[in-house]
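Worksheet: the structure to be examined is printed underneath.
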Amino acid sequence: MTRTGLSDTIAAIATAPGSAGVGIVRVSGPRALDVADGVFRGRRRPSRTPGGRFLFGTLVAGDGEVLDEGLCLIFREGRSYTGEDVAEVQTHGSPAVLARVLARALELGARLARPGEFTLRAYLAGRLDLAQAEAVLGLVEAHTDAARRQAALGLSGALGTRVARIGAHLTRTLAALQAMLDYPEEGVPEEDREQPLAAARDELRALVGTARAGQVATRGARLALIGRPNAGKSSLLNALVGYERSIVTPIPGTTRDYLEAGLELAGVPVTLVDTAGIRDTADEVEAAGVRQALTLAGGADLVIALEDGSAPRETLPVTLPPDARVIRVRTKADLPPAWTDDSALAVSAVTGEGLSALRDAVNTALLGDTSRSEAWLTTERQADAARRALDHVEAAATLPDDLASYELEEALRCLSELTGRDVQEDVVDAVFMNFCVGK
Ligand SMILES: Nc1nc2c(c(=O)[nH]1)N(C=O)[C@@H](CNc1ccc(C(=O)N[C@@H](CCC(=O)O)C(=O)O)cc1)CN2
Ligand SMILES: Nc1nc2c(ncn2[C@@H]2O[C@H](COP(=O)(O)OP(=O)(O)OP(=O)(O)O)[C@@H](O)[C@H]2O)c(=O)[nH]1
Ligand SMILES: [Mg+2]
């Protein structure tokens, strides 16, 4: 479906809807410069202008009415974002102007671009690999610096480089195995096959280990605040977001329905979820809130388990997720402690004590010790391909040479899928489905 009409000339508004300083209509394809000739009037015709130039002039409707003044940028085939002839008409950023310029381009024979079609064309022209195309989408959607950094790394091809390094280890191992099968009497030194295989395995494990951080950085994370009534959950949420989002009273059982608040923690978009205090209760409404709290804890990326530090300790009547997904907090640290526990962070919502240590702990729990300068796996598609590659590599280590070769070839296939050199059309289509029109 995405693959029909790829030699058409396409047009779309490339800037966000609404008023802005400047707005852009982008046209790409074999007739892009003819379309530009029809809508743009300047000292030269776009079709007579070399690539890499821009012209100043007016934008005109079919009946000659001047729509706006603006610029026309000219890119020639082979030296443009899509690889095709491209004309960009840059107007004042008015939705009314942009709508008329686009309408004129369609009148002149362009068709409306499908979502992601400019970037799809760049991919099909070999100007971007699939991981880079995903990074373009990630950049467009990046609302935090952590998301932007990973997308920019992906776009630069850093993920592709990391994957290629693993592929090179696998190819070396395969060559050694092949030599052993072809010339068994000659023998191949142990280090020629064991070492590259171990290197590939270690690097793949590290790469797979970045998937959680990569998805958290791009998609954000949900953090559930869990504890007994009066533990200080709502107060902590308010302290973290910096305003009175949730009702706080000295009465246990204040929060019944859950509520959410968004904030940015260490560059990661975080949704904090305040929940009802967990206890056995005969109150039907409160009991429903308690059940909801347990469900929310189960679905969260990270649970913050709060215990009142100013009162005798009572264990939480719930099974928490594994340690990596829980941060324990002793609340009300401004009051004399009724108990202490080294595994619980002391925090006061009143004085702010411990809040920055809590932010650090959240950051570590979400992003781990993954190096920030290396490219991460940022989509589930990438993570899935890397995990399958790792499975094959781990299988290869335990198998006789001929079967190991097969596993390594499969692993290489998964890696090339990751960067998009060997992917099914429907996988490519699924990636571009998420794009907006104009990208
Ligand atoms: N106005 C505008 N800004 C934009 C884009 C765009 O298309 N238009 N981009 C789009 O998303 C991004 C920039 N990406 C681009 C990537 C390659 C080329 C390009 O024309 N490359 C040619 C020529 C290089 C050169 O002259 O040195 C090439 O690689 O051959 C243009 C934009 C972000 N900013
Ligand atoms: N001194 C002190 N009091 C606190 C602190 N945090 C919460 N409190 C008090 O503890 C009581 C309960 O606080 P909440 O934040 O409503 O507790 P909660 O866990 O949301 O309670 P429920 O919604 O009932 O489950 C209130 O009287 C708060 O003022 C703190 O850090 N220091
Ligand atoms: Mg509350």
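From the backbone N, Cα and C atoms, a Cβ is placed for every residue, glycine too.
Positions annotated as (6S)-5-formyl-5,6,7,8-tetrahydrofolate binding site by TrEMBL: Arg26, Glu88, Arg127, Lys439. Here TrEMBL flags 230-235, 249-255, 274-277 as GTP binding site. If you look up TrEMBL, you'll see Asn230, Thr249, Ile251, Thr254 marked as K(+) binding site. Look at TrEMBL and you will find Ser234, Thr255 tagged as Mg(2+) binding site. For 220-367, the entry in TrEMBL reads domain 'TrmE-type G'.
DSSP assigns Thr255 (GTP binding site) to coil in the three-state reduction, outside any helix or strand. Taking Cβ-Cβ distances under 8 Å and a sequence separation of 6 or more, the neighbours of Lys439 ((6S)-5-formyl-5,6,7,8-tetrahydrofolate binding site) in its chain are Ala14, Pro115, Gly116, Phe118, Thr119, Val136, Leu137, Val140. Long-range neighbours of Glu88 ((6S)-5-formyl-5,6,7,8-tetrahydrofolate binding site) (same chain, six or more residues apart, CB within less than 8 Å of its CB): Ala14, Ile24, Val25, Arg26, Val27, Leu71, Cys72, Leu73, Phe75. In sequence order, Tyr81, Thr82, Gly83 make up the list of same-chain residues 6 or more apart from Arg127 ((6S)-5-formyl-5,6,7,8-tetrahydrofolate binding site) whose Cβ falls under 8 Å from its Cβ.
Residues Asn230, Lys233, Thr254, taken from the binding-site residues Glu88, Arg127, Asn230, Lys233, Thr254, are distinguished by a CB atom under 6 angstroms from ligand 2. For the binding-site residues Asn230, Lys233, Ser234, Ala276, a Cα to Cα distance of within 10 angstroms from Ile251 (K(+) binding site) holds for Asn230. Same-chain neighbours of the K(+) site beyond Asn230, Thr249, Ile251, Thr254, judged by a C-beta within 8 angstroms of the site's C-beta center, are, in sequence order, Pro229, Val248, Pro250, Pro252, Gly253.
Recorded residues Asn230 (GTP binding site) and Thr254 (K(+) binding site) have their alpha carbons 8 Å apart, per Cα-Cα distance.
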